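Asks: Not my notes, these are from TrEMBL:
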type	residues	note
DOMAIN	58-115	domain 'Acyl-coenzyme A oxidase N-terminal'
BINDING	Thr122, Gly161	FAD binding site
DOMAIN	251-412	domain 'Acyl-CoA oxidase C-alpha1'
ACT_SITE	Glu397	active site, proton acceptor
DOMAIN	451-629	domain 'Acyl-CoA oxidase C-terminal'
Amino acid sequence: MNPDILRERQNATFDIEKLTNILDGGAERTNRRREIREVLVLNDPDFDYGTPTSLPTMILKLREYGISDPVEINWYKSMYWGTGREALGLHYVMFLPTLYTQCDSEQFNKWVPLIIGTYAQTEMGHGTHLRGLETTATFDPATQEFVMHSPTVTSIKWWPGGRNPLFLPLIFLSIPLSASLFDLFLSGFALPTCSGIVIGDIGPKFGFDAVDNGYLKLEHVRIPRENMLMKYAQVKPDGSYVKPLSSKLTYGTMVFIRSLIVGNAGIVLSQCCTIAIRYSAVRHQSEIRAGEAEPQILDYQTQQHKLFPLLATAYAFLFAGQYMIDTYNRISGDINQGDLSEMPELHALSAGLKAFTTWTANTGIEVCRMSCGGHGYSRSSALPDIYVEFTPSCTYEGENTVMMLQTARFLMKSYRQVQAGQQLSGAVSYLNKVHHRVMAPQAVSSQLDLNLNTLVDLYEIRAAMLVELAAQSIQQESARGKCQEDSWNNSTIDLVRASDAHCHYMVLKMFRDKVDQIEDPGVHSVMSTLAHLYAIHGMGNFTGDFLQAGVLTGAQVPSVSKCLKGLLAEVRPSAVLLVDAFDHHDKMLNSVLGRHDGNVYEAMFEWARSSPLNRTEVHESFHKHLKPLQAKL
Ligand SMILES: CC/C=C\C/C=C\C/C=C\C/C=C\C=C\C(=O)SCCNC(=O)CCNC(=O)[C@H](O)C(C)(C)COP(=O)(O)OP(=O)(O)OC[C@H]1O[C@@H](n2cnc3c(N)ncnc32)[C@H](O)[C@@H]1OP(=O)(O)O
Ligand SMILES: Cc1cc2nc3c(=O)[nH]c(=O)nc-3n(C[C@H](O)[C@H](O)[C@H](O)COP(=O)(O)OP(=O)(O)OC[C@H]3O[C@@H](n4cnc5c(N)ncnc54)[C@H](O)[C@@H]3O)c2cc1C
């Protein structure tokens, strides 16, 4: 083991295993995750790491081991495929959940055990604006079929992932059957027998290469009436239409996957922090004091300033992911029982947190890569591949700006309710105080009150102020004679800013609540330090907001920076131990820089020598191109 890494792991001030258990949701979950990893994957003789041929093996193995719990399926898949996306991702996270939530019982029993499918909602002309989808579904009572058709080039289904060219069970959305309703259809197209279908691949992408994203053009293709997913809405044999409790129930799968993405952002950021911090512990470069040995780059304050707030953010997003999934499970359970009362809150929370966490993680991956210098740009680090695979999460499952505006819609509605004298509950209850809060600068000392509860309060006041400013912008636009829609559009910068601040407050609050639940003194102490670092770092980035909200004075601003520096120094001794607690296996991390043993240089040389370009002493291109040219010169 590299001596630097060895030294970093001595004198631990907290129990790493206990922290890993907290991340997993308990010791039993950690044990099960490791069992799946060590026994069912790594020690399985059939396991052929990450090669395309192993996809069928993976599906059969999941069935052989009886792994059906979505979390356990994800543990198995992530071990199998490491940090990359894999072809079946969409099947597990969108196709199956849609069948689970939108099929009636007869359809469920008929389809769920049997098929692998994709989710074809987006069209060439519309991905965000679902009410603009153009694909038509026309019921023919004479034949009890729906006639599916792509009337325009922009209505061609574009992007469905994991589209198998041979067989196309897919769920897709068509234009409204009435008013503003969408319906999901399961259409098993077996190509050889189905005329009227034109499919293909949409061509090379930025990345996401393990997933074949395709296109689908329908020319009056007929499918049985029974293929409409009829849990919430039905078309009867006589063509009559039974409306769902809410037209937004069809959007349910997107809410589910957005909820998953929140935790995934934390996982991806934790992977990158593991790579960058372990590498920064073994990389020596330049000098701090003339004549002394080159220091570990982790001892540079700027390196700590790059990485430790991201480390805190990774923990924050992992805890936010746990909260999001628990909230999703609770509210979707109520929805299943017909209680839709919290559906708007679930949508607003999942949409906002999906955007907030993916935007932050997306930027953070690049900070981690650049903090590793040239070796960060090598594919051996895994960081370029992680970035390429993660960055579309800011676009898919709801483009981030649009998602932030959905959250803003809920915040404005809540603000208007407070103005009308209603008492709010849930995540926006802090808006109840928006009119009674003293916004004038408080007479505080130049020292910053570091109490975590106080910091959460300051973030709450900041969010409330920005919600009020956005609402005032809309009111001012209206007062200038703008219609409601233009008043909204002319305030969307403020609205996104308010949603961002709301999400930032929510994430810090979740982090604080999780720290409060930690009983082990050592773990509580280090997690409390990270939560403080997350809060103070955010104050440093958005100082203007806190000044404008009157919760920070000009005299206190220097203490924000001073406090930040102190917290970075406090995290330094535990940094490697904190990434060890994420428990990412070398095989899954697949990074020469992030190896658990820290033996980076030896592994990098071996990695380079294994490159296809080094298979022969002299590359064949010399003999094929250069040598003949030399002969002519
Ligand atoms: C383990 C795995 C971990 C991580 C994941 C890994 C990989 C990722 C997996 C897959 C990635 C690969 C593939 C990607 C697939 C896709 O991208 S699938 C397609 C995704 N597409 C979208 O998300 C479309 C986005 N657009 C929309 O959702 C809607 O068009 C809209 C923007 C929300 C607007 O809808 P609409 O116009 O109908 O509504 P509004 O007029 O804006 O509002 C009317 C009221 O409806 C409420 N509303 C809107 N949506 C919802 C909802 N989903 N649930 C509940 N309520 C909703 C809205 O709040 C309004 O309410 P009101 O204010 O009270 O009136
Ligand atoms: C890797 C990848 C995989 C995908 N897989 C699938 C899949 O399997 N199935 C599927 O159905 N789809 C899939 N998609 C498509 C994806 O869901 C859409 O790309 C996404 O919903 C965004 O829609 P769009 O492409 O139409 O972007 P647009 O909405 O056209 O966005 C373009 C710009 O317009 C802005 N904009 C749009 N509307 C508004 C508004 N109301 N207010 C302010 N600004 C606005 C956006 O902010 C953005 O800046 C995938 C996409 C990617 C990148």
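Yeah, the Cβs are placed from backbone N, Cα and C, and that goes for glycine too.
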Asks: With every protein chain in view, how many other Cβ atoms are within 10 Å of the Cβ of Thr122 (FAD binding site)?
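Replies: Its Cβ shell of radius 10 Å holds 19 other Cβ atoms.
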Asks: On the three-state reduction of DSSP, what should I expect for Gly161 (FAD binding site)?
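Replies: It is in a strand.
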Asks: Kindly assign Glu397 (active site, proton acceptor) to one of the three DSSP-derived states: helix, strand or coil.
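Replies: Once the DSSP labels are grouped into three classes, Glu397 (active site, proton acceptor) ends up as coil.
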Asks: For Thr122 (FAD binding site), what is the secondary structure by DSSP, using just helix, strand and coil?
Replies: coil
Asks: When a 10 Å sphere is centred on the Cβ of the residue listed as 'active site, proton acceptor', how many other Cβ atoms does it contain?
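Replies: Its Cβ shell of radius 10 Å holds 24 other Cβ atoms.
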Asks: Taking the Cα atoms as reference points, how far is Glu397 (active site, proton acceptor) from Thr122 (FAD binding site) in Å?
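Replies: Here the two Cα atoms lie 10 Å apart.
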Asks: Who sits close to Gly161 (FAD binding site): which same-chain residues at least 6 apart have their Cβ under 8 Å from its Cβ?
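Replies: Set apart from Gly161 (FAD binding site) by at least 6 residues yet with Cβ under 8 Å, we have Gly89, Leu90, Thr118, Tyr119, Phe208, Val211, Asp212, Asn213.
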Asks: In the domain 'Acyl-coenzyme A oxidase N-terminal' (58-115), how many residues does DSSP assign to helix, to strand and to coil?
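Replies: Secondary-structure composition of the domain 'Acyl-coenzyme A oxidase N-terminal' (58-115): 40 helix, 0 strand, 18 coil.
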Asks: To what whole number does the mean pLDDT across the domain 'Acyl-CoA oxidase C-terminal' (451-629) round?
Replies: 96
